[in-house]
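What Swiss-Prot says about this one:
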type	residues	note
ACT_SITE	143	active site, proton donor/acceptor
ACT_SITE	147	active site, proton donor
BINDING	8, 9, 10, 11, 12, 13, 87, 88, 89, 111, 112, 113, 114	NAD(+) binding site
BINDING	36	NADP(+) binding site
BINDING	144, 153, 154	(S)-2,3,4,5-tetrahydrodipicolinate binding site
């Protein structure tokens, strides 16, 4: 039985993970980290705001917190190694570099989306990008009104997949908004547009558009449990891995 430590226990994703762990046969929630004294659906015995106690009480940590909290977790873990599953989005280049640095002494799985469906979508989109080289690529993502980062980490990962498949540097071709007289679309341009509203859990569409035809690939998440179950399975897998930075593809056994 893998002992899971939940970091950022008061968040919506954390609440979903707590619920999913109740039905999990191979893992259990052993401790939860929060600055709050009370967290919904958690007994006070499981709660702590002390890093040392938190790390000691678990085999693997799952983190879906905010980026500042993730940085604090990584900095502590660098001298107290522990397998980490990190799903925090909106990380900048410096924060991603910290991930790489920390993975030198512990196994870290970082993914902007933990669902099997999105992992498959990324694979299919990569293939389509190679084959449909003359097609324009546009990505649209939609989330609930409370999501803080835009475009979503999932959409940016998807954009990275299709750019890499065409041997393009995403930073050189990325467009995240259009307004006014912007001129004609460039050949290599990859656009990522964000919609926000309601309680949409997550919807991502990557379109390949050409004269006379187009293809759109779509993934819709209808419940946060999709991501929670993926994170739990990733944590169970990560427990026995050596130091290094892993992706969700690694945990699913998807080959390049």
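Here the Cβ of each residue, glycine as well, is placed from N, Cα and C on the backbone.
Keep in mind the model is a prediction, meaning the values are calculated, not measured.
Neighbour list (residue 87 (NAD(+) binding site), Cβ cut-off 8 Å, at least 6 residues apart, same chain): 13, 62, 63, 64, 110, 111, 112, 113, 114, 227, 231. Cα to Cα, residue 143 (active site, proton donor/acceptor) and residue 154 ((S)-2,3,4,5-tetrahydrodipicolinate binding site) are separated by 11 Å. A gap of 21 Å separates the Cα atoms of the residue listed as 'NADP(+) binding site' and the residue listed as 'active site, proton donor'. Rounded to a whole number, the C-alpha distance linking residue 144 ((S)-2,3,4,5-tetrahydrodipicolinate binding site) with residue 12 (NAD(+) binding site) is 12 angstrom. For the (S)-2,3,4,5-tetrahydrodipicolinate site, the Cβ centre of 144, 153, 154 serves as reference, and the other residues of the chain with Cβ at most 8 Å from it are 89, 112, 113, 141, 143, 147, 149, 152, 155, 202. Note on proximity: of the recorded positions 147, 153, 154, the one nearest residue 89 (NAD(+) binding site) is 153, by Cα distance. Comparing C-alpha positions, residue 153 ((S)-2,3,4,5-tetrahydrodipicolinate binding site) sits nearest to 147 among the recorded positions 8, 10, 12, 147. Fewest Cβ neighbours within 10 Å among the binding-site residues 10, 112, 154: this applies to 10. In the three-state DSSP reading, residue 154 ((S)-2,3,4,5-tetrahydrodipicolinate binding site) counts as helix. Residue pair residue 154 ((S)-2,3,4,5-tetrahydrodipicolinate binding site) / residue 12 (NAD(+) binding site) shows a Cα separation of 18 Å. It is 16 Å from the Cα atom of residue 8 (NAD(+) binding site) to that of residue 147 (active site, proton donor). Taking the Cα atom of each, residue 10 (NAD(+) binding site) and residue 147 (active site, proton donor) are about 16 angstrom apart. Neighbour list (residue 147 (active site, proton donor), Cβ cut-off 8 Å, at least 6 residues apart, same chain): 196. For residue 12 (NAD(+) binding site), the same-chain residues 6+ apart in sequence whose C-beta sits under 8 angstroms from its C-beta are 224.
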